[in-house]
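These notes concern the structure reproduced below.
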Amino acid sequence: MAGPWIITLLCGLLGATLVQANVYPPAVLNLGPEVIQKHLTQALKDHDATAILQELPLLRAMQDKSGSIPILDSFVHTVLRYIIWMKVTSANILQLDVQPSTYDQELVVRIPLDMVAGLNTPLIKTIVEFQMSTEVQALIRVERSKSGPAHLNLSDCSSNESTLRLSLLHKLSFVVNSLAKNVMNLLVPALPQIVKNHLCPVIQQAFDDMYEDFLRLTTAPIALSPGALEFGLLSPAIQDSNILLNLKAKLLDSQARVTNWFNNSATSLMETTPDRAPFSLTVRQDLVNAIVTTLVPKEELVILLRFVIPDVARQLQMDIKEINAEAANKLGPTQMLKIFTHSTPHIVLNEGSARAAQSVVLEVFPTNTDVRPFFSLGIEASYEAQFFTEDNRLMLNFNNVSIERIKLMISDIKLFDPEVLKDTLTKILEYTLLPNENGKLRTGVPMSMSKALGYEKAMWSVSKGALKLTPASS
């Protein structure tokens, strides 16, 4: 638990950026329309949606549509007498469009279709071809259930006559053109229904698979050293044209035992408003700190100062000589320091920058055989914290030590103002504690989410109360 000194320091670091705090989940995966379009398009390809379009039963659809109207049925049979076969010869799904709905928690997905149909008639030796363009529209909604958690669902899939365009690709004889025109007139009321009946179930399956893929890549365990980090779905949401997956998290030790839960929304300074990035993963500050605590646990360092940093050892001896010359003369070749990390580094995330605060206890021993120190100091220090990406890993590095407060806890040489040691202590922490902690952070945190979403490079940025992962600009 952080002591009163570190709380004071953290309050100071937070004070400069204090804004009205809101309630946010531990993490948020924000998927923009570009990602939704790309992955739904791929899911439609995986389900052979274009092959489904090429199998549309055009002739039967015209017959079924006219069957209930005797006069129209007679006309259809007259037209069909001149058709040997008729089918969709090519089909393409054009670029999907994802837009916000006029209703809350709802997206509109428009799927434009471009098809060419051909018919064979004894009236001419060549195939009569005409182009059919239409659009399928569906809604993505957040569905809430009394018996289970909320989930995303695709519904109201349909195709409307108003989006249908048919045109003859090649003008032929008057008789053939008239036949083709009659066929197209019959297709206008029939085509939207067969597209709905045959393609909409495929779109539903493709959406369900896409949603499962999003959940799978989000909840895949992330290896830490030691242990692991796992995300889980709290709830989905829709904001503007974006899908938001509000995430819970848990940290596990090397034995896969849960050491920390983050399964509730909490007051935070973080901002999660969708931006123009194709996607973003926003991680709340307290979860960032829990990850850092896992990577950099509390520990004790023992340092033979003259062997490790002799220049600093001489400087410390000179400082002690100013306090007590007799004590300084007792410092031997095995002069020893012990550093106890009273707290793990606590990260404070501000807009565009981050700092870490940490409390340590430092003890100075004249030799490595002494059991009682010359003196013990409580030190409150802060560092610059730099987050960056390296090979799809979240990396963190500390540098530029700043000592905020020093307290003399025990002294066997005499009472003195510990501020006289500030420069030397800063160098000691710079040369010993920081390299040790940076070494533990060197493995980083693997984050393959960006690559799984189709972006080779990503970058981490710091905002108020949160870390954010977004694709790197090309």
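Along the chain as shown, the residues are counted starting at 1.
Backbone N, Cα and C define each Cβ position, glycine as well.
Quick look at what Swiss-Prot annotates:
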SIGNAL    1-21  signal peptide
CARBOHYD  Asn153  N-linked glycosylation site
DISULFID  Cys157-Cys200  disulfide bond
CARBOHYD  Asn160  N-linked glycosylation site
CARBOHYD  Asn263  N-linked glycosylation site
CARBOHYD  Asn400  N-linked glycosylation site
> Per DSSP, to which secondary structure element type does Cys200 (disulfide bond) belong, with helix, strand and coil as the options?
Replying inline: helix
>> Rounded to a whole angstrom, what is the C-alpha distance between Cys200 (disulfide bond) and Asn160 (N-linked glycosylation site)?
In response: 13
> Asn263 (N-linked glycosylation site) to Cys157 (disulfide bond): how many Å between their Cα atoms?
Replying inline: 34
>> Please identify, among the recorded positions Asn153, Cys157, Asn160, the one with the smallest Cα-Cα distance to Asn400 (N-linked glycosylation site).
In response: Asn153
> What is the total of other Cβ atoms whose distance to the Cβ of Asn263 (N-linked glycosylation site) is within 10 Å?
Replying inline: 12
> Between Asn153 (N-linked glycosylation site) and Asn160 (N-linked glycosylation site), how far is it from one CA atom to the other, in Å?
Replying inline: 21
>> Using a Cβ cut-off under 8 Å and a sequence separation of 6 or more, which residues in the same chain sit near Asn160 (N-linked glycosylation site)?
In response: Glu135, Gln137, Pro192
> How many neighbouring Cβ atoms, not counting its own, are there within 10 Å of the Cβ of Asn400 (N-linked glycosylation site)?
Replying inline: 13
>> Under 8 Å between C-beta atoms and at least six apart in sequence, can you list the same-chain neighbours of Cys157 (disulfide bond), or say none if there are none?
In response: Val136, Gln137, Ala138, Lys196, Cys200, Ile203, Gln204
> Counting every protein chain present, what is the number of Cβ atoms, excluding its own, within 10 Å of the Cβ of Cys200 (disulfide bond)?
Replying inline: 19
